[in-house]
Amino acid sequence: MGVEGTVVGGGDSLKKKITLRNGVTLIVGNIIGSGIFLTPTAVLFASGSPALSLLSWSFAGLFSLIGAICYAELGTTIVKSGASYAYILEAFGEFIAFLRLWISVLVIEPTVQATIAITFGQYLLQPFNAYCEPDMLSTRLVAAACIFSIMYVNCINVRYGTRLTDVFAYAKVAALIVLIFTGLFYLFFTSSGQVANFTTGAWTNSKYDPLSIVIGLYQGLFSYSGWDTLNFLVEELQDPFVNMPKAIWISMPIVIIIYVAINVAYLAVLTPAEIMSSSALANDMATRTLGPIGGICVPIAVAMSCWGGLNSSMMASSRLFMVGSREGHLPRWISMITFKGNSGTPAPAMIFTGLLTILYLLVPNVFDLVNYYSFTYWLTVGLSVAGQIYLRYTEPDRARPIKFSLAWPIIFTLMCTILIVVPLITQPVDTLIGCGMMFSGIIPWFLWKKTDWLNSCGCIKAFANGCERILGSITRTLQLLLPVIPGKLADE
């Protein structure tokens with residue numbers, strides 16, 4: 001998986017086209033996806049009461065903010081795209097970094113993106129299927145079209161992708177603000193507002209046992225995932241030492257305030273029982289407050305939110321795969337970038353990301369695959385921040401343009417440890433399957449390393465050499481078909 005065939009050209013680096021505004025909208029756009037329209041049901045179910053659910057949302061936001069500031073230090077100390085993969089590689093070496101990349105290719109990235117794309121298809125088709133659910137084939141064809149559109153736009157120019165991210169981030173924030181003010185109006189200026197959710201019934205049925213509290217936090221954190229988006233694209237960020245922390249300090253408070261406020265709006269309109277039994281929370285709220293027009297507008301707004309979130313997610317994961325390829329952990333052709341004009345886009349990595357996601361649309365129960373990655377996701381994020389602590393002690397004199405108190409990474413690592421333990425208790429089978437998927441990367445790792453005992457096996461050696469020849473042919477063919485050359489770091 002390292003060197004394959006002959007590549008033409010001396011290499012080029014990605015262009016720094018991402019501004020501070022783009023950075024803010026990338027983070028906001030990736031975090032605010034379909035989760036905020038689906039997860040409040042699970043958070044309230046785990047918490048038991050309106051007040052405790054709002055505390056769960058607030059604490060999940062603060063926890064995500066701590067993670068983001070830890071990543072701000074990591075992203076300006078190790079100025080490589082790829083986020084946790086790059087940080088684990090720097091702190092703990094190739095083997096653990098390869099396993100992190102392996103589970104990302106196998107489960108995390110394509111599964112998350114496929115579920116977002118399917119949700120996009122479901123909500124976009126919903127206004128045309130008022131009395132029934134859209135069928136699976138139609139939904140997945142629309143999902144595939146969504147993925148192809150994002151792939152096409154981002155292959156042309158990075159700026160096109162970031163501009164669309166800007167537009168969709170503004171639109172989804174505006175839509176959520178409309179829902180928030182609608183809910184508040186319903187609470188204060190109509191007789192049907194659920195005042196009891198904030199007064200006599202605020203703490204009713206609260207679940208104070210530690211496991212329920214952590215599960216509520218766990219569910220809330222799912223909707224906050226994406227706070228590390230900018231770390232995947234740091235090589236393309238203008239003035240990263242200034243703009244990365246600024247983008248985090250601007251975007252994260254915006255998301256936290258919106259998330260808590262929209263949950264207040266849900267509780268202002270619906271009873272806890274209605275929220276916990278709802279399969280389309282925002283739609284139910286809008287239909288009650290705005291009438292039939294709400295049932296049409298909200299699905300379109302959710303679909304729009306999904307498109308923007310998927311765009312940000314695919315931009316981030318394509319850079320992860322590009323960096324993994326550049327380090328020799330994925331086929332070489334994935335790290336190539338375009339040189340025609342001034343585009344400088346990782347088009348092969350974006351194509352790889354898009355096609356991999358479309359492949360996962362063929363899995364009938366793709367939503368079930370999400371259950372397998374929670375353990376490995378928090379394990380890799382926790383390892384990244386543990387690596388930050390490790391590098392503080394092993395390389396104390398290393399240049400750190402941004403340096404926060406060591407208390408923050410310690411707190412975050414301890415919390416990640418709790419989040420790693422929770423699925424072992426609540427979903428032991430799914431967690432073990434996820435672990436098995438991650439550690440299945442040991443086999444390709446040894447094949448790539450070509451250890452002596454593997455080389456002594458003729459069939460395995462022949463298989464590995466055959467794979468290299470095929471990948472080499474792909475690399476050369478790609479250079480003939482597309483204006484691409486090998487990618488490299490800007491300072492190489």
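Keep in mind that glycine also has a Cβ here, set from the backbone N, Cα and C atoms.
A TrEMBL annotation is a machine prediction, not a hand-curated record.
Predicted, not measured: the structure shown is a model, and the values here were computed from it.
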TrEMBL annotation (transmembrane segment) - matching range among 91-112, 289-310: 289-310
The transmembrane segment (24-45) and the transmembrane segment (375-393) contact flag, 3+ Cβ pairs under 8 angstroms: no
Proximity verdict for the transmembrane segment (208-227) and the transmembrane segment (405-425), three or more C-beta pairs under 8 Å: yes
Which of 137-155, 248-269, 289-310, 375-393, 405-425 contacts the transmembrane segment (51-72) most, counting Cβ pairs under 8 Å: 248-269
